[in-house]
Amino acid sequence: MSVLTSISGFPRVGRNRELKKIIEAYWKGNATLDDVRGVGRELRAEHWKLEQAAGIDLLPSNDFSLYDQMLDTAILLNVIPARYRRLSFKEPEETLFAMARGYQGERGDVTALPMKKWFTTNYHYLVPEFDEATEVKLNGSKPFDEYEEAKALGYETKPVLIGPYTFLKLARNSEAQELDIDEGLIDAVAGVYAQVVRRFADLGAQWLQLDEPYLVMDKSDADVRLFKALYSRILPAREDRVKILLNTYFGNIADIYETVKLFEFDGVGLDLVEGRDENLAAVHQHGVAARTTLFAGVVNGRNIWRNNYATSIGLIDALRQTTDRVAVASACSLLHVPFSTQGEEALGEDVLKHFAFAVEKLDEVRQIADLVELDDDAKRASSALAANQLLFDGSRMARDEAVAARLAALSDADFTRLPARAERQRAQKEALGLPALPTTTIGSFPQTKEVRAERARLRKGEISQDEYDAFIRGRIDEAIRQQERIGLDVLVHGEFERNDMVEYFGQNLNGFLFTKNAWVQSYGTRCVKPPIVWGDVSRAQPITVAWSTYAQSRTDKPMKGMLTGPVTILNWSWPREDISNEEQTQQLALAIRDEVLDLQNAGITIIQIDEAALREKLPLRRSDWHAKYLDWAVPAFRLVHSAVEPTTQIHTHMCYSEFNDIIEDIDAMDADVISFEASRGDLVVLDAIHDAQFETEAGPGVYDIHSPRIPSTDEIEERIGEILDKMDVDKVWINPDCGLKTRGNAETWPSLEHMVEAARRVRARL
Ligand code: GLN
Ligand code: ZN
């Protein structure tokens, strides 16, 4: 019998982002819900076909989603806040989209559910909300329908659901607080899952995968009790009719492994990429229950480099010292990698052979499963294994000695900006002469079809660089005119020249590579196309200086320069696996430092260095936060700006507000000003800012840009009031919660007008 193969999940937007396109067409009124459903069906069929053709045994179903799997789970458990029910939509998808995006129309006006990063990925899930009226019960039939749909096409699938522990740990109450989980709630939630298990058994499913990534997080005793309470109620429902795979990823479950073992799941999925050493040690220490198959997550679902087969075989052999029952699997869902390397041939065979996207990873899973069955002689004779080993023989890299020399020459002084921040802030207030509660934006303005079309024309050679530049200058002029009309205090040029805040920089840095079509879902229909760090990084030429100085020449207001920080560039790229993230980040920091100094020397006095992604790569276990991340990520940011003049004001921006627990580290980045998201979730962070005597001036976002709805002046004024209850007025900036690139002009300008007006009203009362 050959070794069992499985993947946790597959990308759902489609090879050419078909799902994104049809859903957005539907939102615009250019397609019907039936069109959307039809495309969903086609994609599912295609994906199952690919998986089966590659030799995957346990094909996932219900890994598909119109927006987000956490949202689907909330709906399945009937966790739909009353404000969405009241909209009384006829079609379930309409309610789903209202929860995901907010709704403003004839039926009412509601904001979207908050959105958060899915563990350390750049994927965002919607945060399920329990309100007073929530009654947990099975609602809808999506997982069953998709299972039967596959069956009708001839595929036996393994349905995939977010597990109850992860669901409850990530859900919030109406005040955005963690749930108070009592017996009643545990019973209700476990009851629904038990019902799901039985229903799948009735339908003839052989395996059911429950994803419990939250198990890789630190746990309290109460957490362990919760896990036990849930699964002791759910597992009996399998009655030997259906197997349950408890799937974990993004880290290790060593601290609960023994408990998990005692539950005798039919399968336990272990991440042997991110949780390798701890998971292996736990298995060796505690053993494996007789009925349990370990699903060895050896194929990385988080990066695009080819798997090192010898390493993977070694890992599986290590597990086999403890049990014969080992299946080969992806370490997490392939949702987080692009669809296929097919179509990227422009990169050249010598480059492309180093990469495996989702489709290619299917083959890797199968090949590894086949290879582990070979005896040593057969392994030595295997051409697949030999070809794979050639990729890791050290011949790939072209190291840049100049970069290495610069890194080696750094001293503590390069990481320290002088004078101290309080003194700088005084000097900056004087030099800039801004009013109290200065208003600004995060950097980008709507990137309309027209802007993207011009960039496409440039790429195709239909217009010259001069024509394109003139077009961009026109957009900048218009953005400045609008900002001045509204009365914003610190202007931005609008970032029209940038396709993406990371790719744009990558294109101007040595060491990066780019793909044509390697899109990955970020949230809903939003996809990103991260560049690839291929070699040592340095700045090829000034990147933003010409645009920023042009923009400054068109206005008397301060024009904020706009850069992406080193940690974010790395976190939103595909990093190398042959050198550490720390080293890659330092290389990037030096490159951006060159740009900061050039901007300052060209007369730009406010420079924003976005670290939008700093929080998302914070290790999941608290004990790793500093040693494995912050101890180099924070200094890397300081390295970027340590050499500027005291009166050059350094801003940073972060796309989230969950940094109360690392607030001192954020302050230690030593920026002068930070803007961050606070409009969607709670304002807990404001308490943290208060308690930590946070020195950085701060602009907590006063409205949510992730939704097309236009906030009223009153609403924003009230929000500013809440902020001023907690923060010293001298330290407060007024801004939206993120860049406006994905918004339309129709909602952007009225929203900003309301924001500036609200700031004026509050200012008048000071
Ligand atoms: N400056 C960037 C923008 O406005 C920041 C984007 C982000 O935080 N994701 O688009
Ligand atoms: Zn942001």
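The backbone N, Cα and C atoms fix where each Cβ goes, and this holds for glycine too.
Keep in mind the model is a prediction, meaning the values are calculated, not measured.
Checking the candidates E495, E497, E664 against TrEMBL: the one annotated together with I442, G443, S444, D610 at the L-methionine site is E495. Site annotation (TrEMBL, ligand 5-methyltetrahydropteroyltri-L-glutamate) includes R17, E18, L19, K20, K117, N122, R526, C527, E616; from W207, W572, W733, W749, the additional listed residue is W572. DSSP gives L19 (5-methyltetrahydropteroyltri-L-glutamate binding site) a helix state. With a cut-off of 6 Å between Cβ and the nearest atom of ligand 2, the binding-site residues R17, D610, C738 reduce to C738. Closest to K117 (5-methyltetrahydropteroyltri-L-glutamate binding site) in space, going by CA atoms and restricting to the recorded positions S444, D610, H706, is H706. Counting in whole angstrom, H653 (Zn(2+) binding site) lies 12 from S444 (L-methionine binding site) by their C-alpha atoms. The highest number of surrounding Cβ atoms within 10 Å, among the binding-site residues R17, R526, H653, is found at H653. Across the domain 'Cobalamin-independent methionine synthase MetE N-terminal' (5-322), mean pLDDT in this model comes to 97. Proximity to C655 (Zn(2+) binding site), defined by a C-alpha to C-alpha distance within 10 angstroms, is shown by the following recorded positions from L19, G443, R526, D610, H706: D610.
Using a 10 Å Cα-Cα cut-off from C738 (Zn(2+) binding site), the binding-site residues that qualify among R17, L19, I442, E495, W572 are I442.
When the C-alpha distances from R526 (5-methyltetrahydropteroyltri-L-glutamate binding site) to the recorded positions I442, G443, E495, E677, H706 are tabulated, the minimum falls on H706.
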